[in-house]
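The next block holds one structure in the form of structure tokens; read it before the comments.
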């Protein structure tokens, strides 16, 4: 994390992620070393294949030049044969590394073959020179010294860098030893010439620089490869997580909605998230849609638990949830067997539809058989638990509307006249029997069932009489004998969820199996990772990025290794260069070496000969200081979290460093300056030569046989080696466009070739050659061209790895965004299924099929029903708008005491206040075990704090009643809007009946196939009765609720003794509301704990806040006014 250090920050976290030590430790931490080792073996095999092609090309060109340019070919047949033979031996020895099984068992062979190949080429090169020294008195220079060192560091399969360094130093030492023995002719002359002008120290510095360049390439290559590997690992993890998350999201949606409804909803949620992030809040972008479909020819089953009220008031919360979970779980499993889709259950009511998702000609039979099966199940549950319960079931066939309305706590539901008829058949039915209509009977196999006429209560029901519906009673299925029934019940019991709470969590073996599958998929993806920039498919325009599939052309790399998508290419070039410090330290090291060589090799005495090299060396040291100062500060202070105050100079250095890393133009300018200044340093050496004077001195030497002065002109092989280092340096800078580096290297090569063949052809021609009678200028040119070719090939490999790595990072960011979007949508969906306080519980506990229940001492429950609302398609559109407005009000009841929407039943809106885990008297033991000890203790402390004052919990009644009044205001405003629309003014009269009751409530999640959160208890039953017995335009409350409201200063008028089913006659009250829809006040003895709760939010203020927040409420008002 960034640490505040005085006036600036030392943020080294991103730079540290590109350090070799960090990447290696990260691989070890993720236990990826074995996979990385296998991937690196594949990489080295691709490097070897590249080296084979390169070495064959170099050997062929070298031998062809020898045979084409030398007239006395007999003398060079030995050289040609030795070169070809050595190439064959190298390829033969190194080819064994392509045998995967052998290398897997004998990894030591990779290093051993590298040593053998290197020393073979060294001895062949030295043998050729020594042979001609003794056989033909030719003093020859070596040809493969630079080439072998490059080969060791860049192409040979040496996994550990220390091994490559030791081998390269050995090769360098052998060549220096050859120079001492055969060129300097003994250690005495070597010592005397070591620090002489143009002496041996120049060659030693040259070899040291070659090794530095090789080490740099190894470090940079290992860093890039490890970074790519880790990025790929993260990408695969994100892809697997996203795949699982999408599967989870689909399962969640399918558990509440059929696919034809869930898919548009899923896309709509994700689209809204994206638009919100983009700041799009237009009317068209956020219009409400109504996800409702028409389904003809279906059968509707309504089932009601007889004596349910007694059940909820006598059982403990744990026992109640367990019984309901067992019962409804059995129903869900039976419905699944008979292809009937459960819609929802409402306390004691369970209803479902056959033929909804897929047309089913046998829908009536399936519904009736399911009804009889449900009766059998409840009989078994009654016997198991010793309960006095039974089942009353009604079935009707016809048409219906199905879908989702509202915008909070989304639930799939059904509407229509035939749905109402099915409900009436259930309420007028006989316990233990299936009550069906004539429409259902017409679709039944009548010979299968025992059918009787319907009860008298049904014949006298006004709705059934109005539509002339005749009903029938079915008591049993004649085709299902007791043995088959018992067998089916046993099967259901074996998979029933009644004991889900006792089931163990996922076993360790299952976890290990999942981990094994994950690692196997990782290994398979790693095996697909590309390893080479040279691919026939790439030449055809097909590029693969380890996906196993061809990617679109706009993401491909062309033959120049640039993205064909210019936007992607620009993004790649604008990356921060975290490898800059390594490039600049290498440049400084090589630059200082070039300055040293220039000072040792030049004979001119002039101010520019010293000022320019000194200036170049100074600037390079300053750039190196800027590049490494941040690393130094982090090593000294940041790593150990040592507090330190940085002065202005340090902050200035930090800012310059960050500016360089983040600016491509600045880095290119620095790069070009270093290349040009280094080339000028070499030019000083070359320009110190007086060509005419050298030619005359050389002629006089040949005529008069005296030794020429050593420093009359530059040493050609010294300058050639300098340019070779410069070409290496040209390609060392990371995150400089490869086209720029290639262009600079080509210009350097061409400029030097002009010097060789034109400007100083005489000097180069009379320098030491590498083969007898082989023109020296050809030897110089060949070495420069080989160096350029090696560096260009290696740079393409590094650039390819960088481009693939970048493409993966881009894909990773896309996957992370997609994963974040999916995760966000999952949370939204969960919060629209379950109350927010148990979403985490569902993810942690219910996903493992564990029971969950809660017990609350004080909860206020509200039922609100729209009066005289016809359930046709036009009315459903209006109902959707009204319910959405009610849902919007919930946004203003999220503080302290939260109002939770429970469900919608037809035109009835059910909500509760006080369902907060902090107020829960008890929860399931599984929940407590799932909470960490610290969090659990804090949670218990909060509960005790709230439980110490029972009066504080009574405030939920005031909040719930305030929300109910806001609903009445919202409906009044909506009704005004509908009155201005000709087609909608007669849909509803805008009246609502509301009932509220408060007290102890039990809550939990039940069901086998769908997570359903519900509440039970006397307040739930009483609130429903208050609504059904209430008056339109009033809030009907119980005596206990009215007493609490009066304490908060709200008048409640006594209505009288009201008959309530299951309770008889009880006193009830109407909340005092004036004509302006405000509470009628009275003297208050208590006040809301949060003052903002004392001011009830009106619809007008709701719209004002909603417009400011671009909420959905303002959209609804706009939609209503524009209809």
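Sequential numbering from 1, following the chain as shown.
Cβ from N, Cα, C; glycine included.
Checked against Swiss-Prot, the domain name for residue 103 differs from that for residue 135, so they face opposite sides of the membrane. Site annotation (Swiss-Prot): ATP is bound by 346, 347, 348, 392, 1014, 1015, 1016, 1021, 1022, 1023, 1024, 1025, 1061, and the candidate from 528, 894, 901, 903 recorded at this site is 903.
Per Swiss-Prot, the stretch carrying the note transmembrane segment among 639-659, 744-764, 807-827 is 744-764.
Per Swiss-Prot, the range carrying the annotation transmembrane segment out of 8-28, 197-217 is 197-217. Neighbours of residue 1015 (ATP binding site), defined as other CB atoms within 10 A of its CB across all chains, total 23. Neighbour count (other Cβ atoms within 10 Å of the Cβ, all protein chains): 19 for residue 348 (ATP binding site). Secondary structure counts, DSSP: the topological domain 'Extracellular' (128-137) has 9 helix, 0 strand, 1 coil. Proximity of distant same-chain residues to the transmembrane segment (744-764), defined by a Cβ-Cβ separation under 8 Å and at least 6 residues beyond the stretch ends, is recorded for 672, 675, 679, 686, 689, 691, 694-695, 698, 713-714, 716, 720, 723, 726-727, 730-731, 776-777, 780-781, 784-785, 788, 791-792.
Classification of residue 346 (ATP binding site) by DSSP places it within a strand. Counted over residue pairs 6 or more apart, the CB atoms of the transmembrane segment (668-688) and the transmembrane segment (138-158) come under 8 Å in fewer than three pairs, which marks the two as apart. Over the topological domain 'Cytoplasmic' (95-106), the average per-residue pLDDT in this prediction is 87. Touching of the transmembrane segment (720-740) and the transmembrane segment (197-217) is concluded from the presence of at least three CB pairs under 8 A, sequence neighbours closer than 6 excluded. The list of residues near the topological domain 'Extracellular' (69-73) in space but at least 6 beyond its ends in sequence, with Cβ under 8 angstroms from a Cβ of it, reads 771-775, 778. Comparing the binding-site residues 903, 1025 by how many other C-beta atoms lie within 10 angstroms of each C-beta, the top residue is 1025.
Fewest other C-beta atoms within 10 angstroms, among the binding-site residues 346, 1023, are seen around 346.
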